[in-house]
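> Just dropping this structure here.
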Amino acid sequence: MPMDLILVVWFCVCTARTVVGFGMDPDLQMDIVTELDLVNTTLGVAQVSGMHNASKAFLFQDIEREIHAAPHVSEKLIQLFRNKSEFTILATVQQKPSTSGVILSIRELEHSYFELESSGLRDEIRYHYIHNGKPRTEALPYRMADGQWHKVALSVSASHLLLHVDCNRIYERVIDPPDTNLPPGINLWLGQRNQKHGLFKGIIQDGKIIFMPNGYITQCPNLNHTCPTCSDFLSLVQGIMDLQELLAKMTAKLNYAETRLSQLENCHCEKTCQVSGLLYRDQDSWVDGDHCRNCTCKSGAVECRRMSCPPLNCSPDSLPVHIAGQCCKVCRPKCIYGGKVLAEGQRILTKSCRECRGGVLVKITEMCPPLNCSEKDHILPENQCCRVCRGHNFCAEGPKCGENSECKNWNTKATCECKSGYISVQGDSAYCEDIDECAAKMHYCHANTVCVNLPGLYRCDCVPGYIRVDDFSCTEHDECGSGQHNCDENAICTNTVQGHSCTCKPGYVGNGTICRAFCEEGCRYGGTCVAPNKCVCPSGFTGSHCEKDIDECSEGIIECHNHSRCVNLPGWYHCECRSGFHDDGTYSLSGESCIDIDECALRTHTCWNDSACINLAGGFDCLCPSGPSCSGDCPHEGGLKHNGQVWTLKEDRCSVCSCKDGKIFCRRTACDCQNPSADLFCCPECDTRVTSQCLDQNGHKLYRSGDNWTHSCQQCRCLEGEVDCWPLTCPNLSCEYTAILEGECCPRCVSDPCLADNITYDIRKTCLDSYGVSRLSGSVWTMAGSPCTTCKCKNGRVCCSVDFECLQNN
């Protein structure tokens with residue numbers, strides 16, 4: 001579809017939006033405070049005065065609590081989120097200074113589908129969500145844990161994230177679209193992540209989720225709203241993709257119809273039959289008298305069957321005989337001469353040749369043909385007057401035999417005899433019918449066989465699980481021993497009456513046809529279970545269950561360039577540029593791309609007045625020859641810090657800075673745990689209170705205040721009894737396509753877009769499917785003729801994958 005058409009539709013949506021207005025449909029929003037019935041909740045919350053009096057506000061106290069929704073509320077939330085690409089999470093909060101806590105969380109076990117968190121430890125707002133089944137986190141630096149009232153609204157429109165704080169647009173980002181089809185069993189928590197973690201300390205008011213575009217208007221009605229939203233555009237693109245899918249299906253049907261039409265054009269509309277110069281229409285029937293058959297024209301083909309003759313009940317003075325020009329025998333008077341009975345047309349040689357006609361022997365005169373044989377080979381056929389040579393073909397002249405009988409020559413005559421497997425009808429072998437050997441028990445099929453009647457014969461079929469020995473016998477088939485089975489190599493094959501069965505060996509699971517090794521504790525971080533309780537770990541992990549990360553830095557496995565330092569990551573590592581150096585844009589894993597920052601040329605130094613800036617590797621120096629201007633003072637935040645002055649940063653009470661000879665040096669405050677007035681926020685290692693300890697997310701390990709650890713691709717820290725986690729810092733990659741390998745947390749560069757799991761789709765880069773239909777980048781379709789193969793257009797590349805579970809079920 002041309003882009004100008006997209007813009008036209010976009011304009012129409014925008015115009016319609018302007019006309020309709022932005023009134024909030026109550027069915028498309030959820031008031032969390034009301035749904036959780038906090039008024040009647042006493043443990044851990046108390047109603048207090050809020051930022052305004054239009055709604056109730058609640059203080060979330062610093063004690064264990066369980067503020068979550070009832071099952072029917074969670075089900076309502078599932079329905080509201082289903083297939084939605086636009087929603088806003090908003091609340092009015094007053095958070096205790098320097099604390100961290102979750103404002104709202106929608107979770108299922110360990111998975112945060114939607115979560116809004118405020119960290120006073122790192123002064124940032126975090127949005128946790130799920131994309132394609134994998135956790136994602138957006139960290140937005142902002143200090144909200146300051147004891148002041150704030151209105152926060154986080155809006156998501158497809159891949160567009162917008163954060164408003166106090167009706168000011170703070171951040172706008174492009175993110176991975178979140179999964180909005182929530183699974184059964186999710187739960188909605190307010191003021192906490194779960195029973196023990198993420199406890200919010202402060203007041204929450206107006207907690208809501210709005211399922212409409214620009215939901216922040218509910219909180220800040222005076223804000224301008226844009227038109228259209230990212231989701232509007234996504235809907236248009238999805239509409240185009242749906243049209244492309246419909247076009248592909250219609251193209252396939254059209255191609256099939258054209259093929260059928262082409263075939264029809266090569267044949268007559270009405271199939272006729274031409275026989276002996278006569279034209280018969282479809283379904284016409286006629287009698288082929290020459291061959292005594294009933295024939296029918298069926299779709300241009302002639303089908304003929306032997307004419308069936310009715311049984312004859314001739315009187316005692318008549319006999320059934322064939323009459324020329326007729327297919328069935330008729331009753332005709334018989335003749336008797338000298339005790340011999342003659343049928344109509346039969347002859348007898350006395351003194352003269354006589355023939356039976358109408359019951360009377362009539363004298364006939366017949367010239368016998370000369371014979372080409374010696375006299376001793378002359379024979380007189382039965383009921384004939386002329387002699388023939390021995391070996392004469394009587395069938396060529398003789399009786400008409402039916403389709404299930406055959407003519408047989410004798411010395412002096414020809415007769416009809418039923419074919420094998422047929423029996424004469426009323427004693428007349430010219431007409432024969434099939435013998436059902438199975439029903440008549442005239443077969444020789446042995447045990448473990450089934451008799452199957454066929455025209456003129458029968459067949460002995462083996463029952464399932466048996467194989468043929470000869471035409472009449474079958475024996476049990478050892479499918480397991482012969483290898484003629486479909487059991488997995490890790491399954492036990494057992495012969496059965498019906499064939500065989502497959503059962504997975506101990507330590508393996510599956511249906512017997514497919515068996516996979518089972519590891520009781522699983523294989524973590526992308527490890528593969530290759531044998532019972534045996535894992536093969538991916539690069540970067542070790543342990544019996546791949547549970548241990550290999551610290552490439554501390555174990556000296558790698559060596560970074562001296563301009564960088566080694567930073568360990570789960571399953572991997574990277575060399576991070578040291579202070580005073582930056583990456584040149586090429587990104588080298590070993591840190592060779594780290595080059596010196598020239599603070600002098602960039603004017604990022606702090607040299608004052610007459611002092612000269614001298615660039616050094618990883619830093620700079622201030623050189624002042626002499627004179628009154630060589631004070632060594634340092635410019636700082638629009639002011640001046642004197643040489644030797646020491647101060648604490650306003651935005652970070654745990655850092656202390658000093659000015660020395662024109663250069664500013666900052667460091668973390670030194671901690672003296674012997675000093676009873678030590679700031680435990682800055683020196684958590686000095687906090688020995690049991691209440692300041694933290695349980696990890698799994699509830700298995702206890703950490704002291706100040707301890708750090710890694711969990712689910714996040715760096716976590718225990719501080720005064722509460723756990724605060726933030727995304728691991730990953731290296732900045734300059735490549736077009738990236739992918740996060742199984743078990744790892746940070747992306748790596750890949751050259752093939754089909755391998756990329758984080759890709760920005762360019763709808764201008766289209767793909768051609770197998771029908772020749774152009775597909776937009778990001779489109780997904782099923783491959784023609786292969787229902788288990790799914791294809792996706794990734795910036796001009798068709799990337800297909802096979803669903804092996806689908807193959808097993810089909």
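Each residue, glycine too, has its Cβ placed from N, Cα and C.
Quick paste of what Swiss-Prot says about this protein:
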SIGNAL    1-21  signal peptide
CARBOHYD  ASN40  N-linked glycosylation site
CARBOHYD  ASN53  N-linked glycosylation site
DOMAIN    64-227  domain 'Laminin G-like'
CARBOHYD  ASN83  N-linked glycosylation site
CARBOHYD  ASN224  N-linked glycosylation site
DOMAIN    271-332  domain 'VWFC 1'
CARBOHYD  ASN294  N-linked glycosylation site
CARBOHYD  ASN372  N-linked glycosylation site
DISULFID  CYS395-CYS407  disulfide bond
DISULFID  CYS401-CYS416  disulfide bond
DOMAIN    434-475  domain 'EGF-like 1'
BINDING   ASP434, ILE435, GLU437, ASN453, LEU454, LEU457  Ca(2+) binding site
DISULFID  CYS438-CYS451  disulfide bond
DISULFID  CYS462-CYS474  disulfide bond
DOMAIN    476-516  domain 'EGF-like 2'
DISULFID  CYS480-CYS493  disulfide bond
DISULFID  CYS487-CYS502  disulfide bond
DISULFID  CYS504-CYS515  disulfide bond
CARBOHYD  ASN511  N-linked glycosylation site
DOMAIN    517-547  domain 'EGF-like 3'
DISULFID  CYS519-CYS529  disulfide bond
DOMAIN    549-587  domain 'EGF-like 4'
DISULFID  CYS560-CYS575  disulfide bond
CARBOHYD  ASN562  N-linked glycosylation site
DISULFID  CYS577-CYS594  disulfide bond
DOMAIN    596-631  domain 'EGF-like 5'
DISULFID  CYS600-CYS613  disulfide bond
CARBOHYD  ASN609  N-linked glycosylation site
DISULFID  CYS624-CYS630  disulfide bond
DOMAIN    692-750  domain 'VWFC 2'
CARBOHYD  ASN708  N-linked glycosylation site
CARBOHYD  ASN732  N-linked glycosylation site
CARBOHYD  ASN758  N-linked glycosylation site
> With an 8 Å cut-off on Cβ pairs and a sequence gap of 6 or more, do the domain 'Laminin G-like' (64-227) and the domain 'VWFC 2' (692-750) reach 3 or more such pairs?
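They do touch: at least three Cβ pairs between the two stretches lie under 8 Å.
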> Can we call the domain 'VWFC 2' (692-750) and the domain 'EGF-like 4' (549-587) in contact, meaning three or more C-beta pairs below 8 angstroms at a sequence separation of 6+?
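Per Cβ check, the domain 'VWFC 2' (692-750) touches the domain 'EGF-like 4' (549-587).
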> For the recorded Ca(2+) site, enumerate neighbouring residues of the same chain (Cβ within 8 Å of the Cβ centroid of ASP434, ILE435, GLU437, ASN453, LEU454, LEU457, site residues themselves excluded), in sequence order.
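Once ASP434, ILE435, GLU437, ASN453, LEU454, LEU457 are set aside, the remaining close residues are GLY421, ASP436, CYS438, PRO455, GLY456, TYR458.
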> For ASN372 (N-linked glycosylation site), what residues in its own chain, 6 or more apart in sequence, show a Cβ-Cβ distance under 8 Å?
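Result: CYS389.
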> Measuring CA to CA, name the entry from the recorded positions CYS438, CYS451, LEU454, CYS504, CYS560 that ends up nearest CYS407 (disulfide bond).
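Among CYS438, CYS451, LEU454, CYS504, CYS560, LEU454.
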> Within 10 Å of the Cβ of ASN708 (N-linked glycosylation site), how many other Cβ atoms can you find? Include all protein chains, please.
9
> At a 10 Å cut-off from the C-beta of CYS577 (disulfide bond), count the other C-beta atoms across all protein chains.
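If we count other Cβ atoms within 10 Å of CYS577 (disulfide bond), we arrive at 22.
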> Check the disulfide-bonded residues CYS480, CYS487, CYS515, CYS594, CYS624 for other C-beta atoms within 10 angstroms of each C-beta and report the one with the most.
CYS594
> Hey, which bits of the same chain come close to the domain 'EGF-like 5' (596-631), Cβ under 8 Å, at least six residues off its ends?
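For the domain 'EGF-like 5' (596-631), the sequence-distant neighbours (Cβ-Cβ under 8 Å, at least 6 residues beyond its ends) are 563, 578-582, 640, 642-643, 659, 661-664.
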> Go through the chain and flag residues at least 6 beyond the ends of the domain 'EGF-like 1' (434-475) whose CB is under 8 A from any CB in it; none is fine as an answer.
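Residues 404, 419-423, 495-500.
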> Neighbour count, 10 Å Cβ-Cβ cut-off, for ASP434 (Ca(2+) binding site): what number do you get?
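There are 17 of them.
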> Looking only at CYS395, ILE435, LEU454, CYS493, the recorded positions on record, which one has the least crowded Cβ, with the fewest other Cβ atoms within 10 Å?
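So among CYS395, ILE435, LEU454, CYS493, the recorded positions given, the one with the fewest Cβ atoms within 10 Å is LEU454.
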> So among ASP434, ILE435, GLU437, LEU454, LEU457, all listed as binding-site residues, which is physically nearest to CYS395 (disulfide bond)? Use the C-alpha atoms.
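Closest by Cα distance to CYS395 (disulfide bond) among the binding-site residues ASP434, ILE435, GLU437, LEU454, LEU457: ASP434.
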> Measuring Cα to Cα, how far is ASN83 (N-linked glycosylation site) from GLU437 (Ca(2+) binding site) in Å?
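Between the alpha carbons of ASN83 (N-linked glycosylation site) and GLU437 (Ca(2+) binding site) there are 67 Å.
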